[in-house]
Amino acid sequence: MSQGKVVQIIGAVVDIEFPQDAVPRVYDALRVTEGDLSGLTLEVQQQLGGGVVRGIALGTTDGLKRGLTVENTGNPIMVPVGTKTLGRIMDVLGNPIDEAGPIGEEERMSIHREAPSYEDQSSSVELLETGIKVIDLVCPFAKGGKVGLFGGAGVGKTVNMMELIRNIAIEHSGFSVFAGVGERTREGNDFYHEMNDSNVLDKVSLVYGQMNEPPGNRLRVALTGLTMAEKFRDEGRDVLFFVDNIYRYTLAGTEVSALLGRMPSAVGYQPTLAEEMGVLQERITSTKTGSITSIQAVYVPADDLTDPSPATTFAHLDATVVLSRDIASLGIYPAVDPLDSTSRQLDPLVIGQEHYDVARGVQTVLQRYKELKDIIAILGMDELSEEDKQVVSRARKIQRFLSQPFFVAEVFTGAPGKYVSLKDTISGFKGILDGEYDHLPEQAFYMVGSIEEALEKAKKA
């Protein structure tokens, strides 16, 4: 392959001069072949003219010197795919980082691929039961849909994601791919051990580009994970693709954009924000052979949902699960806001009339309680009408019944995790709305699985 020389280094951005007749294409992978950083991979981002290309380094550039030889591999970044990647931790280039020997893959695929054509895409609507009451009730997931977990720092995005992986691996025995994009290394480590302890590690491929890595790694690691998920889908499987955190993907794009000298747009984000997000999201889709159901954690800067990054993400999603700091402060976990969370599947034609009526009934009661809170704060409960007192009582029971002990949080809570089927979830909330459990104390509904457990808890109290 053609060889070039390093001519300029600015942080993670490196300019390399090639012969005029052998200039690498955009997105080609280049490899440094000499010096201390021999083996460092660069990805071409721009062709500057005069045989010079500008690349972004997928690794540290400390110790890189001008004049070093760089060779063009002639291909984009190629990563291992297939069942050999299950149970392994890899970096953005598909190299193992779990000290368990080579991957031994039978095939590698380019991380840059076209999205499936319109004819190939499937349009079937099938619900994916998660076993988490609040999600199954008010913002049900579709098989092959895209879900966003929105929340500020520390409200439980990663824990919710771990619970979803565990439930789907155990209850539905499906494969998952997890892309850790710009998150804490400690979380990546915890995640690995949690999956190991839950005996689901052999059903998950893990790809990490953590906070301490250069922006090129964080920008591309989501595509690495997606390529692995696409391979499973093309083999006819239903696969789950988890991204934690899609905001860091945007942020890495902002860093790369600034390093490449592009003009920033609103709030300092890259001018290509919508296009970069579209390139990733359009590939996450279901075809007639298999499905990719994607669950993406979305960090919301300063809890502001109108920030360009979360706002751009919203446009691509089928369901949004909004985690609320106010609900977390009440000690109700998962801290999902049932009034803010939505799903395109919440339609009687998709989920059936009974489910729809119960979900809307729950939201109506909670909304009325929210409106009455101001009156209660000023005048107290005694000033309410009997009807409103009943609404408040049921709303508080519903609020507590929306909480649930998680399997992955057993270590912290000391309570065994619960998986609640959709049927039990609907019948439980229907009973509360119909007044069947008005005689029970509200504390009986806190941190239980099905309604039967609430009845047991009330008897013991």
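Heads up, the Cβ atoms here are built off N, Cα and C, so glycines get one too.
Pulled from Swiss-Prot:
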BINDING   Gly151, Gly152, Ala153, Gly154, Val155, Gly156, Lys157, Thr158  ATP binding site
Among the binding-site residues Ala153, Val155, which residue has the largest number of other Cβ atoms within 10 Å of its own Cβ? Val155
If you count the C-beta atoms lying within 10 Å of each candidate's C-beta, which of the binding-site residues Gly154, Gly156 ends up with the smallest number? Gly154
Using the Cβ center of Gly151, Gly152, Ala153, Gly154, Val155, Gly156, Lys157, Thr158 as the ATP site position, which other residues in that chain lie within 8 Å, going by their Cβ? Tyr299, Leu323
Mind checking which of Gly151, Gly152 has the fewest other CB atoms within 10 A of its CB? They're the binding-site residues. Gly152
Distant-in-sequence Cβ neighbours of Lys157 (ATP binding site), under 8 Å, six or more positions away: Leu149, Gly151, Asp244, Asn245, Ala297, Val298, Tyr299, Leu323
Ala153 (ATP binding site) falls, by DSSP collapsed to helix, strand or coil, into coil
